[in-house]
Structure formats: structure tokens, C-alpha cells
Amino acid sequence: MRRFTWFNATSLTFGFAFLYMPMVILIIYSFNASKLVTVWAGFSTKWYGELLSNQAFLDAAWVTLRVGVASSTLATVLGTMAAYVLVRAGRFHGRTLFSGMIYAPLVMPEVITGLSLLLLFIGIGLDRGIFTIILAHTTFSMCYVSVVVSSRLVSFDKSLEEAALDLGCSPFTAFRLVTLPIIAPAVVSGWLLAFTLSLDDLVIASFTAGPSATTLPIKIFSAVRLGVSPEINALSTIMISIVAVGVISASIISKRAAIKQQQEEMAAVRSS
Amino acid sequence: MAQTVFAPWNDPQAKPLIQFKNVTKRFGDFTAIDNLSQDIYEREFFALLGPSGCGKTTMMRMLAGFENPTEGQILIAGQDMAGVPPNERAVNMMFQSYALFPHLTVWDNIAFGLKRMNMPKDQLNARVEDMLRLTRLTKFAKRKPHQISGGQRQRVALARSLARAPKLLLLDEPLGALDKKLREETQFELMDIQEKTGTTFVIVTHDQEEAMTVASRVAVMDEGRIMQVATPANIYEEPNSVYVADFIGDVNIIQGKAHKTSADGYDIAWAEGHEPFHAKTSIQLDEGQNAFIAIRPEKISVSPDKPEGAVNAIKGQIVDIAYLGNVSTYHVRIPGGLVIKAQAANTRRLSRRAFTWEDEVWLSWTLTGGSVLSE
């Protein structure tokens, strides 16, 4: 059913052009030799070099990286626990409410999340800085992790855990030795997703960041207000590649795991 | 030479390994187990047999510790199991889905339970090798569960659950996923392993043939209650109710009114204007009480003429013949419209068989050919 028609080709080209043209232009101009963003003056990588000697950007990048790793790790732990409880605990009073409450931040406007966190941090007298950004990012990315992990847990054969208990495991050992290795691909792609979200976030970070810590998106945004420089283009290109790698590897990991699982199930059906 | 028959349930001195004492289990409004008491003895191969939803799996899960009884007590080796979690019970279970750990090799699957016991390394290796040998899996030790066949997986599951040398092994529909031929082979293998290891086995199944083949005693369950517990032969020959008779094998049930004729003889008047059927039984019935005769098809003989001196004989017409190779089942309509199934061995070749459709034949059986049941 692979039919090549002019109509298909045109709609494909327009669709992808619409989605990716801005990014492609940005990437191309990051290799522009000219200082003027809109004038092409030949290929050069000098803005990448310049970027590396800009201490303010490097500091912001370092903050962003630390926030990303810390918050996505925290979010993965909390999100996996939440998913486990919601899928496994069976029916308890208020279960629907609980799962609704976990997924609510998915649809909550970021401005509201950011503002409420800001109020909370001021209320409890927490100085804004890298720690508050980590907390804020954990808060909104853990629900994404929990969605990814719970969809894997739903198809997980519960008798595997029972077998582990039956063979002498405590509930925690059963989780560590049986459940976790089997759901590991989902947990890893949850982590990558959380990391990518944290890297991208501008709104929540600007509410919760303090003068001591600025993330890369905040830095870029404030720099752009003074005019777009080719340096920003270079930086954005690097961020696009990191995010692309994260998203693509997350989807490859979960796809591979799904295919492998399917093959194992097929093998099981065929031989029994 | 006197052979001792294995029947601890008839020995009042014998101590049961498992005791259910007035156990009730409710899930919300649904009563899965209804005030059930039952003893199971050491080295027994005990089968819980019943349709789905009869509570047999719930009984097993309570023994494993995955469910707690709502009321009553479960004792294993005299110890009350209330509140003892599954990992602290000397009980292992073989799951219906086998529940093999997909990320571990066959060897590691079998070693999994032993590692939790902090067994010394050399002892552990020796035990796993023993288990592999017992279940003929040595060649597959390094494979993952998805790289072996269904029958092999079933044996891995068995080896894994036996590795910790449990006092009690629970088997939840262990052969359900195997095809018929492999299932029959495996049944004998199971019995062999049970005998070799001396472990008490409790098996849950809905397949009555399987229960009859492997078990020392069979418990027939319905709606959370045990209807009858007996050896396979007694369950088949002396069912205590229409439900059990009907559940195990093929049976003809004839309903009628009881009339006492001697100390243990009854006439069952089953239709107006016909001679009542005669039967011998140890149960006591009231005069005119509703009663049933349950007769197995193979206990009824089919003949062209009225057999001389037959206690029970009735004329009918063949409406259907089911040819099964070694035996044929004749469906014979007797006066009153009731269709009786009678089975005859095909000792002759098909072409020389005596009866065909619409033939008039006589059905007959002896005084003890049928069981008299009151419910």
C-alpha cells in the first residue's frame, strides 16, 4: 500500500516544512559567519567557539544540567512509586481521585503551577535557587513518568510478583529483583522524558529561579530580548540536539522493549 | 503379603498437615468459601476439583498466603497461619501462567528461591543441578524462558517451586496450557515426582480426568463448599449427590419415589404404569421420598432380547449412536421420553455390529449398578 502521488508528496512536504522549517533555519544560521543574524556570509563554527568562552552561558548550562539530572531522577523515583501504588493497590477509597490528582499537572497551565510553587516557597521561607528549581521540575515531571510507567505496569503479570513472594522475597525484594528489572525500559524512558521536560522548561523555572541560579532557557530568553545573536542560535542548536537525542532514545527504548515483549509472547503462544 | 494402602484419612491417629477449620472467605458481598472444614494429610496428592468460580483457587491462595480467611482458621503442621506472609510459609506454589521470571535464565529461575534462604554456594549449586536433573532440564539451564517450549516451561515452574523443598506444594491448573498428549505424559511425571520427593501436593483443576489420574483424594467443590471428598474410585462409583455424579464422568439420572422393600433395598417408582427400578443402597430414605438413581453408561448392557433374570430391564429405541472407536455410546429413548445413555465396548469390527439406528433394544443393569441418591 505504498503509493506515491503528487498529492501525498505535497502534503508531506508542507506538513514537515511547517513543523521543522523554523528549526532548520535556526540550525543553518548558527553556522553563519556574519554577526548579523539575517545576512548569510559563509559557513563558520566560530559562534560555537564564542559560546564556550561565555562564562554566563556556561554557568547557566551547568545549572540546567544539574537541575535536569536531579529533578528527573527524583521524578522517576516518585513517579514510579505513584504508578506502582495506583496500579497495584487494587481498589481503595478515593483511588479515582488519587489518579486524577496525579495526572492533573499534565493539563494545568504552567503559569499556575509556577505561581503556586513560588507562593509556597515564599510561604515556607525557602530561598530561591537551584534547589527550588529542582523541586519544581520534579513536581511537574513526575506525573509524566507515572503515566509512562503505569502503562507498562498494567500489562505486567501480577503472578510474577506473587511468585517472588512465594519464593521467599519480602515485598521490597520482590519489587527490586523482579518488578524493577522487567519494567526498567519504561522507567528509563520516563527518566529521559523528565530530563527533556526539565531542559525545555522556561515558565516554571522563571517563577522558581533566584538570582543565584539561572537556567539556560531563562538565559536565552533574557538574551533574546536584547536582540538575537548568532551565539544564541548556536546554543539553541545544541539544545535541539540534546532534546532530540533524549526523545528519540526514549522512544527507541520503549519500542524495542515492546517488540521484544511481543516476540516473547508470540514464542510462548507458538510453543504451548 | 500384606500391602499397606496409603489412606491416612482413615487412620484416627494420623495428624493432618493442613486443617481448614470453619473457614469462610468473602470478597465484598460474594462468598467465595462458605464455612469449610477439611483435613489434608502429609504425602497426599489432594485435588480440588470444580467449575470455575467454585472457590478452589481461593482455597489455594489462602494456603499460599495471598488471601486471608474472613473467618475461621487455617493450620499448617499445627501452626495457625493467620498473619503469616507468603514468604515465611514452608509452602510453594506453581502458578497457572508458570510466572517464570523472563529476565532470568532457567538456572537462575530455579535458584531464585534458594538464594533467598542464604544457602551456601556449593549447596545451592548442587540443589539446582538436582532439580534440573529431576525435571530433565539440564540441557536448557542457560536458556531464557522464552527460548524453551511450553512443556519445558512447565517443568521449570515445577523445579522452581520444588527447589526449596516445601512441606506443601500447591499446583494451580498446572497442565492447563499443555496439549492433551503432553498433559497425559506430564500427569504421570507429576505423580512420579510427588512420590520421589514425598512432598504433599494440592492441585487445583477443573479437568476431572486429571484429578482422577493424579490424586489420592479428590474434593469436588461447588459454590464455596466441598460436596464430597473421596478417593477417585469412590467419587466415581459412590457419588453422594446428583451434583457430584453429574460432574464426574457421564451419568444417567432417573428421578422417582422411593419405596422400601428390604433392609437395604429400595424400589424407585419412576413412571406411572412401569415396573419400578430396584436398587440396593446403604443410605436411608423415607417412604415416598424423592430419590434419584445414578447409573454410569458402562454399567448398562444393551441386548436385542429381554435378558433372562435381569433385575432392571427396560425396552427402548436407539435414537443416536456415538462411535468413539474403542466404545460406542447408544442413546436409547425409553417410555416416557427419557433418553438413557448406555455404553458398550466395540469388541467386534464395525461391519458386524449388532445394533443400528431405530432398533428396539433392551437395557438392563444389576441391583448395585446404579447409586441411589437423595439429593
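Quick reminder: no glycine exception, Cβ is built from N, Cα and C everywhere.
Quick look at what TrEMBL annotates:
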type	residues	note
TRANSMEM	A:12-31	transmembrane segment
DOMAIN	A:61-253	domain 'ABC transmembrane type-1'
TRANSMEM	A:67-89	transmembrane segment
TRANSMEM	A:101-124	transmembrane segment
TRANSMEM	A:130-154	transmembrane segment
TRANSMEM	A:174-194	transmembrane segment
TRANSMEM	A:232-253	transmembrane segment
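Sequence-distant neighbours of the transmembrane segment (A:12-31) (same chain, 6+ residues past either end, Cβ-Cβ under 8 Å): 37, 40, 43-45, 47-48, 230, 233-234, 236-237, 240.
Distant neighbours of the transmembrane segment (A:174-194): 71-73, 75-76, 79-80, 84, 137, 141-142, 144-146, 148-149, 151-153, 156, 160-161, 163-165, 246-247, 249-251, 253-254, 256-257; these residues of the same chain sit at least 6 beyond its ends, with a Cβ under 8 Å from one of its Cβ atoms.
Put simply, of A:101-124, A:130-154, A:232-253, the stretch with the most CB pairs closer than 8 A to the transmembrane segment (A:67-89) is A:130-154.
For the transmembrane segment (A:232-253), the residues of the chain that approach it from at least six positions outside its boundaries are 23, 26-27, 29-30, 32, 37, 47-48, 50-51, 57, 185, 188-189, 192-193, 195-196, 199-200, 216, 220, 223-224, judged by C-beta separation under 8 angstroms.
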